[in-house]
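Annotation source Swiss-Prot lists anthranilate 1 binding site at Gly82, Asn113. The 5-phospho-alpha-D-ribose 1-diphosphate binding site annotation in Swiss-Prot covers Gly82, 85-86, 92-95, 110-118, Ser122. As annotated by Swiss-Prot, Mg(2+) 1 binding site applies to Ser94, Glu228. Look at Swiss-Prot and you will find Arg168 tagged as anthranilate 2 binding site. Annotated Mg(2+) 2 binding site per Swiss-Prot: Asp227, Glu228, in sequence order, evidence recorded as sequence analysis.
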Amino acid sequence: MDIKTALSRIVGHLDLSTEEMRSVMREIMTGQCTDAQIGAFMMAMRMKSESIDEIVGAVSAMRELADRVELKTLDGVVDVVGTGGDGANIFNVSTASSFVVAAAGCTVAKHGNRAVSGKSGSADLLEAAGIYLNLTPVQVARCIDNVGIGFMFAQSHHGAMKYAAGPRRDLGLRTLFNMLGPLTNPAGVKHQVVGVFTQALCRPLAEVLQRLGSKHVLVVHSQDGLDEFSLAAPTYVAELKNDQITEYWVQPEDLGMKSQSLFGLVVESPAASLELIRDALGRRKTEHGQKAAEMIVLNAGAALYAADHASSLKEGVALAHDALHTGLAREKLEELGAFTAVFKQENEG
C-alpha cells in the first residue's frame, strides 16, 4: 500500500493492517515520500488514533531497517527507556538507573536519543559525562560485553528516521514516532522497563511488545505524570510476563520506600543532570543527591525485576539499593567513558 492510499483510508477513520502499515513506513523510511505527505500521514494517524496492528507494523518496519547490534545472548539483557515528552524536566532517571543495574551484575543495552521536550535526553547526559556516542554496532557490542553496559544512540542506528525528522520538527506535536524509539532497541532486547507519557499507552504498548516477542516488560506511567516510577505518587504498570499482561498500581511504600516530593530533582541542562547523578551515585553529599539516589534505586529495581534478575519488584529495589551503595555504579559510568574513548580515537584518529 502506498502513502496516498493509506491517507485516504485513515482520513475516513479506517485502520490499516499490520502489513499495510509496514509497507507505508518502509516508503517513508526509504525516502519515497514528500515532507507534506509524511506530515499529513502523522497528523491523520494522530487524529484517528493508532491501532495495535498499526503500531506493530510501524515498529516492524523500523526494526528491519535498523543497524542492529548483535549480542552473544539476549537472556536477561535489559533496557530502561522512556518516550520522553512528560514535560517534567527532572534529571535522567532511566539513564542513571542503567548504571546501577549494571553494577548489580545485570547486562544493559541502553537505547536513547537527545531530548524530545526536556532539558536533557540520555544522549545529552552521556555526552556531558565524556562518553563517546558515535559508535558502530560492533563497538556497542564490545562495550556491552566488556563493561556490562552499552549505549545505542538512536540517530546512529535508525538512519532511515531522517526522512521524518523535518515534518516531525515542523509539526511540533506528539505523533506515532514518539512511541517508536522505546520499541525499536537495535539489540532486540526482550526485557525492558518502558516509560510512557500517558497512562492510556501502557496497555497498548504492552500488547505491541507481546506481539513482537518480548519476554518480560513493564510499561509505566506515574500518577504525577512521569514516564517512569515516581517517588511522589503511585505508578501505573502494565506488565508483560509469561505471555500474560497484568495491570496494577504501585506505591513507593509497597516496595519498601518512602513517598516524598520531587522537589530538587528538576534540572535545566545536561551538566546539571550529570552533577546530581554523580552525587547520587557517589557519596550523596546533598539532600537532593540522596533523593535522586532513591528515585534511581526505585527505577533500577524495576529493571532488575524486568530482567528476571529479581523475583519481585520489591526484591529488585533491595538489590538496586545494595548495588548503588557499593559505589560500583559511579565506577561503571567512568569505565564506559574510558572504554568509548578508545573507539573515538579509532573512529576519528
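Glycine is no exception: its Cβ is also placed from the backbone N, Cα and C atoms.
Here the features listed in Swiss-Prot are painted onto the structure.
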{"residue": "Gly82", "record": "anthranilate 1 binding site", "contacts (Cβ under 8 Å, 6+ apart)": "Ser94, Pro182, Val194, Gly195, Val196, Asp227, Glu228"}
{"residue": "Asn92", "record": "5-phospho-alpha-D-ribose 1-diphosphate binding site", "contacts (Cβ under 8 Å, 6+ apart)": "Ser120, Gly121, Ser122, Leu125, Ser273, Ile277"}
{"residue": "Thr95", "record": "5-phospho-alpha-D-ribose 1-diphosphate binding site", "contacts (Cβ under 8 Å, 6+ apart)": "Val80, Lys110, Gly112, Ser122, Leu125, Leu126, Ile277"}
{"residue": "Asn113", "record": "anthranilate 1 binding site", "contacts (Cβ under 8 Å, 6+ apart)": "Gly121, Ser122, Ala123, Phe153, Ala154, Gln155, Gly181"}
{"residue": "Ala115", "record": "5-phospho-alpha-D-ribose 1-diphosphate binding site", "contacts (Cβ under 8 Å, 6+ apart)": "Gly84, Gly121, Asp124"}
{"residue": "Arg168", "record": "anthranilate 2 binding site", "contacts (Cβ under 8 Å, 6+ apart)": "Met42, Thr175, Phe177"}
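Look at Gly82 (anthranilate 1 binding site): DSSP puts it in a strand. Packing around Glu228 (Mg(2+) 1 binding site) is summarised by its Cβ count: 25 other Cβ atoms lie within 10 angstroms of its Cβ, all protein chains included.
Cβ neighbour count for Ser94 (Mg(2+) 1 binding site) (all protein chains, 10 Å cutoff from its Cβ): 26.
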